[in-house]
Amino acid sequence: MGAGGPRRGEGPPDGGWGWVVLGACFVVTGFAYGFPKAVSVFFRALMRDFGAGYSDTAWVSSIMLAMLYGTGPVSSILVTRFGCRPVMLAGGLLASAGMILASFATRLLELYLTAGVLTGLGLALNFQPSLIMLGLYFERRRPLANGLAAAGSPVFLSALSPLGQQLLERFGWRGGFLLLGGLLLHCCACGAVMRPPPGPGPRPRRDSAGDRAGDAPGEAEADGAGPQLSEATPKTRPRRRLLDLAVCTDRAFAVYAVTKFLMALGLFVPAILLVNYAKDAGVPDTDAAFLLSIVGFVDIVARPACGALAGLARLRPHVPYLFSLALLANGLTDLSSARARSYGALVAFCIAFGLSYGMVGALQFEVLMAAVGAPRFPSALGLVLLLEAVAVLIGPPSAGRLVDALKNYEIIFYLAGSEVALAGVFMAVATNCCLRCAKAAPAGPGAEGGASDTEDAEAEGDSEPLPVVAEEPGNLEALEVLSARGEPTESETEARPRLAAESV
């Protein structure tokens, strides 16, 4: 899936301002994944002031995570319509306003609406556009860039939790929420640096609706990104879809979506139950809490290291199999450690779990980018995050109910490990079957599909994808424009007689 990099002067720059964009993605990813968990340090104070139970208070983080995952399609539509930078600026303001308003809350319902809904939506409007922009800036070094950006999650989680505790002790939960709201304004600074990557072509003209003709989804701001048809007549200009549901028919996307759903059912369960599981095994409270720190430290190292490994020339075409291997390793770690009772065995579990968890975090979006391509990535990411939201709302809560009913953590680890291992096996087998079907299918000018895209990417290496606009009926004018500009078109010799006949 995407073995080669772009030629100099064409496509993503793979550096330059892209490193600034990568730094912004690191910060946004850290806030998106670390902030909902770091807010939990305020729960005891909220329970005391509002007279609520832990489950009622914990809904603040749950709603925040549900908004982060469940509003993926909404974010995709906004990115396609307005571009990445305006959406991120608005998201940063929403996230900050949510926490500031939460500091004045007098009821839990008000916390749900402010810290939960507003802040969660703001984080979602920052997280997804940052990944889209990262894909526009990196191609050859994209696995490394994804790994470095994903490392923001464990780094910020390790920093925000003690910071929140200090703010709570010095200023109370209201002052802490107010200061955290100011901290979230850094998301606006991250959005401001999301400058569209430069392109080789001239700046395209806008149509009457304000959209540039020929823009791919998520590239509304990009100057000259992709083949532009600005000189074509309005009848030949393609209309952009706000949410491309046709990506669901892509075999590679379908395989990835099913894998992600199975993975999300069990991936987060061991980390959530680890501390209580250790305490139940007789481990002291301080040592039990340190187990999560071990997972975080290993995760910080594993994500960029795995991203660099996936960027190697020999491994880049086989990233889906590397992703499935990481899932399988994570599932087997859960299964083999279900009966771990000693502190040494739990430490070994944390090291293995942190390593495999970091690999999954570094590769998950790289696999999706390579499977569907940059134009369809915004829509694909939004739909995948929506599926993941459903799985997250099913998996961890169900595990908690089973623990309450059975008083046994061993069964939970077996279930979670089986789900993640099944996701890894399914990913490997389905990807292999799709590639075989693509090789067996006759090559046609209009053939499309996820597996065929994968096979083409592996076969072409460093070659650039050719515009396929010339093969669609009714695009004779667009074909002539591309030919006049000296841009190559796919099967131009075969397409011109057919298009000429159809136009007559």
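In case you wondered, yes, glycine gets a Cβ from its N, Cα and C as well.
Feature annotations, reproduced from TrEMBL:
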type	residues	note
COMPBIAS	204-214	compositional bias 'Basic and acidic residues'
COMPBIAS	215-227	compositional bias 'Low complexity'
COMPBIAS	453-463	compositional bias 'Acidic residues'
COMPBIAS	493-504	compositional bias 'Basic and acidic residues'
DOMAIN	18-435	domain 'Major facilitator superfamily (MFS) profile'
REGION	196-236	region 'Disordered'
REGION	441-504	region 'Disordered'
TRANSMEM	16-36	transmembrane segment
TRANSMEM	57-80	transmembrane segment
TRANSMEM	86-104	transmembrane segment
TRANSMEM	111-138	transmembrane segment
TRANSMEM	144-163	transmembrane segment
TRANSMEM	175-194	transmembrane segment
TRANSMEM	253-277	transmembrane segment
TRANSMEM	289-313	transmembrane segment
TRANSMEM	343-365	transmembrane segment
TRANSMEM	377-399	transmembrane segment
TRANSMEM	411-430	transmembrane segment
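In the predicted model, residues of the domain 'Major facilitator superfamily (MFS) profile' (18-435) average a pLDDT of 83.
Taking pairs at least six residues apart, the transmembrane segment (111-138) and the transmembrane segment (175-194) share three or more Cβ pairs below 8 Å and count as touching. Through the fold, the transmembrane segment (144-163) approaches residues 18, 22, 25-35, 37-38, 41, 130-131, 134, 137-138, 293, 296-297, 299-300, 303-308, 310-311, 358, 361-363, 365-366, 369 of its own chain, all at least 6 residues removed from its boundaries and within a Cβ separation under 8 Å. The transmembrane segment (253-277) and the transmembrane segment (377-399) are in contact, since at least 3 Cβ pairs between them lie under 8 Å (pairs 6 or more apart in sequence). Scored by C-beta pairs under 8 angstroms, the transmembrane segment (377-399) has its highest count with 411-430, from the stretches 86-104, 175-194, 289-313, 343-365, 411-430.
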